Amino acid sequence: MLLFFALGLLIHFVFFASIFDIYFTSPLVHGMTPQFTPLPPPAKRLVLFVADGLRADTLYELDEDGNSRAPFIRNVIIHEGSWGVSHTRVPTESRPGHVALIAGFYEDVSAVAKGWKENPVEFDSLFNESKYTWSWGSPDILPMFAKGASGDHVYTYSYDAQREDFGAHDATKLDTWVFDKVKDFFDAARNNQSLFTKVNEEKVVFFLHLLGIDTNGHAHRPSSREYKDNIKKVDDGVKEIVSIFKHFYGDDGKTAFIFTSDHGMTDWGSHGAGHPSETLTPFVTWGAGIKFPQNVSAQQYDDEFLKEWRLENWKRRDVNQADIAPLMASLIGVPFPLNSVGILPVGYLNNTGLFKAESMFTNAVQILEQFKVKMTQKKEATLPFLFTPFKLLSDSQQLDILRKARSYIKQEKFDEVVSLCEELIDLALRGLSYYHTYDRLFLGINVAVGFVGWMSYTSLLIIKSHSNIPKGTRKEGKKPHCLLLYSFIATGVLVACFLMIQACPWTYYVYCLLPVPIWYAVLREHEVIQDLVESLLTFPRSHFVAYLLVFTLGIEVLVLSFFYRYMLTAGLIVFAGWPFLTQLWTRAKITFLSWAFFSLLLAVFPLMPVVGRKPNLSLVMGAGFLVLLLSLAVVTTLGKRNIKLVKGELLVLLLQMLSTVLSMYVVYSTHHSLLKKEGLPLMNQIVSWATLASSLVAPLLSSTALSQRLASILLSLMSTYLLLSTGYEALFPLVLSCLMFVWIQVEQETLQQPGVSCKQKLTSIQFTCDTDIAQFRQLCPDDIRRAFFLVFFLLTAFFGTGNIASINSFDLASVYCFLTVFSPFMMGALMMWKILIPFVLVMCAFEAVQITTQLSSKGLFLVVLIISDIMALHFFFLVKDSGSWLDIGTSISHYVIVMSMTIFLVFLNGLAQLLTTKKLQLCGKPKSHLM
């Protein structure tokens with residue numbers, strides 16, 4: 001059986017990894033020829049300001065007094081330059097946002113798993129194409145463009161990462177540091193001939209990354225005074241830097257300025273998803289080569305923003321974020337970034353029709369180059385008779401469009417050139433997408449076939465080893481087995497040869513060959529299949545249909561809960577009424593009334609708001625007091641039942657209660673310290689980490705008696721959970737644990753069925769009891785319900801307090817008791833542990849259910865595995881590659897979550913067994929005893 005689980009884990013890792021090869025492969029290609037506009041550029045230098053985390057509405061709108069928060073930028077919009085909204089794509093994070101701005105392509109999703117701060121995939125950027133680039137700002141952003149540059153012409157100046165502290169007194173210092181360093185730089189340039197020569201060259205870029213607004217947004221929310229004051233500070237800084245440039249270069253009119261943001265921010269201070277507050281960012285540009293403000297009476301945009309911002313009289317020109325890279329390249333005359341998919345927004349250019357036409361033609365050729373390289377790569381890796389080219393853009397069509405465009409330029413039909421080039425770019429981008437997803441259907445079918453085969457084999461294993469289906473007596477010769485084996489070997493060889501001829505990557509061999517041994521294992525069990533068919537034929541058809549409908553409905557409820565959290569509420573309401581429909585409640589009315597009460601109480605949580613809530617310390621404190629009351633109730637109950645606690649175990653229980661009190665104090669103290677902008681107290685940080693470290697050890701010091709050990713696990717994990725809570729979610733594990741304890745009692749009551757031994761008292765059950773394998777019974781239909789309950793409770797633990805499929809459901813304030821300095825991996829790990837704590841509580845309860853129902857954990861686990869795999873197959877087919885970027889990202893994340901859950905179940909099961917069955921001795925004392 002151990003071999004089966006090891007193979008199962010390996011197979012699920014393959015299925016999990018397949019999504020990265022099918023949907024998460026790098027779209028980048030290499031080997032293109034650089035393309036640049038063959039005319040003198042309007043600017044010699046470009047200054048790029050990126051205000052990290054700045055929302056478009058917060059910058060453009062007027063305050064309560066009717067004044068702008070950024071008067072200099074607003075003056076630019078009205079008197080000097082052009083403006084609009086830059087539309088970002090999901091994920092709205094700093095790295096993909098800057099890659100889109102500076103390199104012109106959207107986040108290479110294959111890089112997500114490889115690194116947060118540096119993009120490990122080689123790509124070209126505006127900085128690489130420039131003669132010199134000087135950049136100032138965050139150490140998280142600048143290095144990835146410097147390391148990706150060829151040569152040493154990209155210079156970076158970063159502050160220490162420790163400055164990125166969400167609990168710091170004043171995050172605007174991050175921005176003033178940048179402005180001060182730029183001023184020092186130009187002071188030094190006046191006295192350094194070598195540097196003076198460099199900054200006076202053409203094709204030079206200055207990049208100012210301003211992180212203060214983002215940091216203040218995370219720490220205080222975008223509606224806060226700190227966030228809005230930071231915008232004013234940035235505006236003042238930009239005004240001063242512009243003045244320095246004009247003074248240094250003698251106001252030569254050869255400097256272009258761009259002010260924008262990498263992403264916005266939600267009202268609750270997070271970003272990453274596709275809410276308009278995250279995807280709508282400001283874009284203001286002025287200076288050399290930029291069109292002056294244009295008064296208009298009507299605009300093409302239907303939204304109400306223009307009236308709210310009182311900018312309806314000034315021409316608004318929206319862009320996609322990747323379009324900014326070709327605009328910057330055009331302004332200073334450098335080659336367009338090789339991997340850019342941005343479309344030059346010619347409406348921003350203040351230049352001749354010829355310059356606009358030539359720039360647009362260059363843009364089209366640059367994107368067409370990528371299409372041609374991608375097509376060549378795919379053609380070379382596919383058998384000629386199997387290759388299907390992109391029909392909308394054949395070689396002859398490419399030549400026709402390019403000749404036509406060049407002819408229009410000679411005839412000075414510049415508007416027609418722009419339209420024709422936009423059409424060519426659209427076709428080339430569609431062609432790029434076509435070749436990028438060329439193998440998707442082929443790989444998808446292979447993975448799906450493997451999935452179905454695995455589920456079939458697992459089902460047959462359950463029927464063979466854990467069911468009462470009668471086995472037929474047949475005598476089979478070895479010949480059919482040999483024939484079957486040789487057939488599958490031949491199939492595998494043919495598949496391998498086919499892949500070898502096409503020079504496919506090694507991962508393709510894994511996805512295409514994996515179904516072969518799986519289906520061989522399925523068809524080898526043809527005797528079990530025959531027994532199953534014969535048994536089903538004797539089973540009442542109406543009962544079979546009813547069971548199938550209930551099972552299908554249950555699976556669909558689980559799947560729908562990923563999209564609609566209220567489906568969990570509906571399920572819990574059904575759970576509450578289940579005992580009353582089956583007459584079970586007449587056996588133990590208090591138990592089943594408790595079951596109904598806690599089911600309905602837990603059903604409230606999925607109806608609560610996912611995010612956007614303000615910190616509510618009173619609810620966290622309330623949860624802490626309830627934990628203390630519960631622990632006192634446990635001690636009292638044990639005393640009433642004459643259960644003696646060993647001195648050491650009583651001490652552990654008291655220390656766990658003290659840990660809960662300390663956690664409450666740390667949460668309260670940290671919250672008020674951050675409000676006063678005094679940062680995270682060191683003692684609070686030490687206590688928090690010590691509590692986290694002890695939470696997995698303390699339960700091992702308690703008694704292994706079922707109720708005592710479960711209470712100890714809850715107390716330990718709740719201390720950590722309180723430290724990671726900011727509001728109502730602190731109550732969630734408490735209510736969930738109460739329901740789990742009642743679930744154990746409910747499952748005991750269901751044992752009063754014919755053929756099942758009488759139940760034991762919970763107080764007499766030990767997690768460490770040596771159960772004879774002969775006592776394990778075979779699976780029955782009720783066990784499928786138990787497995788379904790487990791999966792449902794796991795999903796409730798997952799989505800009960802938020803939709804973690806969306807990255808912006810995370811509130812960074814949750815980790816402020818542990819750290820406030822920006823550290824994505826450490827913060828992510830703490831968030832993950834917060835998510836896993838309810839999981840662990842459910843799995844520990846499931847361990848108890850298995851013991852009380854005398855059921856083999858292997859048999860029940862296999863049923864859970866099948867339910868999870870059916871859900872995973874659902875989401876595999878629901879993955880989208882079209883529609884909004886939010887829909888695409890969400891559909892992929894759902895599949896990843898289910899597959900992760902299936903894989904994690906094995907590890908969580910092991911962790912639950914460790915927490916429930918292992919016992920550490922204190923000073924050589926014996927284990928607790930019952931009286």
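The backbone N, Cα and C atoms fix where each Cβ goes, glycine too.
Worth saying up front: this structure is predicted, and the values here are computed from it rather than measured.
Here is what Swiss-Prot records for this protein:
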type	residues	note
TRANSMEM	2-22	transmembrane segment
TOPO_DOM	23-442	topological domain 'Lumenal'
CARBOHYD	Asn128	N-linked glycosylation site
CARBOHYD	Asn192	N-linked glycosylation site
CARBOHYD	Asn295	N-linked glycosylation site
CARBOHYD	Asn350	N-linked glycosylation site
TRANSMEM	443-463	transmembrane segment
TOPO_DOM	464-480	topological domain 'Cytoplasmic'
TRANSMEM	481-501	transmembrane segment
TRANSMEM	503-523	transmembrane segment
TOPO_DOM	524-543	topological domain 'Cytoplasmic'
TRANSMEM	544-564	transmembrane segment
TOPO_DOM	587-591	topological domain 'Cytoplasmic'
TRANSMEM	592-612	transmembrane segment
TOPO_DOM	613-618	topological domain 'Lumenal'
CARBOHYD	Asn616	N-linked glycosylation site
TOPO_DOM	640-649	topological domain 'Cytoplasmic'
TRANSMEM	650-670	transmembrane segment
TOPO_DOM	671-685	topological domain 'Lumenal'
TRANSMEM	686-706	transmembrane segment
TOPO_DOM	707-723	topological domain 'Cytoplasmic'
TRANSMEM	724-744	transmembrane segment
TOPO_DOM	745-786	topological domain 'Lumenal'
TRANSMEM	787-807	transmembrane segment
TOPO_DOM	808-824	topological domain 'Cytoplasmic'
TOPO_DOM	846-858	topological domain 'Lumenal'
TRANSMEM	859-879	transmembrane segment
TOPO_DOM	880-894	topological domain 'Cytoplasmic'
TRANSMEM	895-915	transmembrane segment
TOPO_DOM	916-931	topological domain 'Lumenal'
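Mapped onto this structure are the features recorded in Swiss-Prot.
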| residue | record | contacts (Cβ under 8 Å, 6+ apart) |
| --- | --- | --- |
| Asn192 | N-linked glycosylation site | none |
| Asn295 | N-linked glycosylation site | Asn313, Trp314, Lys315 |
| Asn350 | N-linked glycosylation site | Pro42, Gly289, Ile290, Lys291, Phe292 |
| Asn616 | N-linked glycosylation site | Thr726, Gly727, Tyr728 |
Do the transmembrane segment (443-463) and the transmembrane segment (481-501) come together with 3 or more C-beta pairs under 8 Å, pairs six or more apart in sequence?
no
Need a quick answer: max count of Cβ pairs under 8 Å to the transmembrane segment (503-523), which of 2-22, 544-564, 592-612, 724-744 is it?
2-22
Where does the mean pLDDT land for the topological domain 'Cytoplasmic' (524-543)?
86
Secondary structure of Asn192 (N-linked glycosylation site) (DSSP, helix/strand/coil):
coil
If you run through the topological domain 'Cytoplasmic' (587-591) with DSSP, how many residues end up as helix, strand and coil?
3 helix, 0 strand, 2 coil
Return the count of C-beta atoms lying within 10 angstroms of the C-beta of Asn128 (N-linked glycosylation site), excluding that atom itself.
22
Find the member of 2-22, 481-501, 724-744, 859-879, 895-915 that has more C-beta pairs under 8 Å to the transmembrane segment (592-612) than any other listed stretch.
724-744
Is it true that the transmembrane segment (895-915) and the transmembrane segment (2-22) have 3 or more CB pairs under 8 Å, sequence gap of 6 or more?
yes
Helix, strand or coil for Asn128 (N-linked glycosylation site)? Use DSSP.
helix
Report, as numbers and ranges, every residue of the chain located at least six residues beyond the topological domain 'Lumenal' (613-618) whose Cβ falls under 8 Å of a Cβ in that stretch; write 'none' if there are none.
268, 667-668, 671, 726-728, 813
Cβ under 8 Å to the topological domain 'Cytoplasmic' (707-723), counting only same-chain residues 6 or more beyond its ends: which ones?
620, 623-624, 627, 630-631, 634, 638, 643, 645, 649, 652-653, 656-657, 659-660, 662-664, 666-667, 688, 691-692, 694-696, 698-699, 701, 730, 733-734, 737, 740-741, 762-763, 767, 817-818, 833-834, 837, 840-841, 844-845, 848, 915-916, 928
Counting only residues 6 or more past its boundaries, what in the same chain has a CB within less than 8 Å of a CB in the topological domain 'Cytoplasmic' (808-824)?
92, 116-117, 140, 161-162, 164-168, 215, 218-219, 266, 268-273, 275, 278, 610-611, 615, 666-667, 670-671, 674, 679-680, 684-685, 688-689, 692, 723-726, 802, 830-831, 834
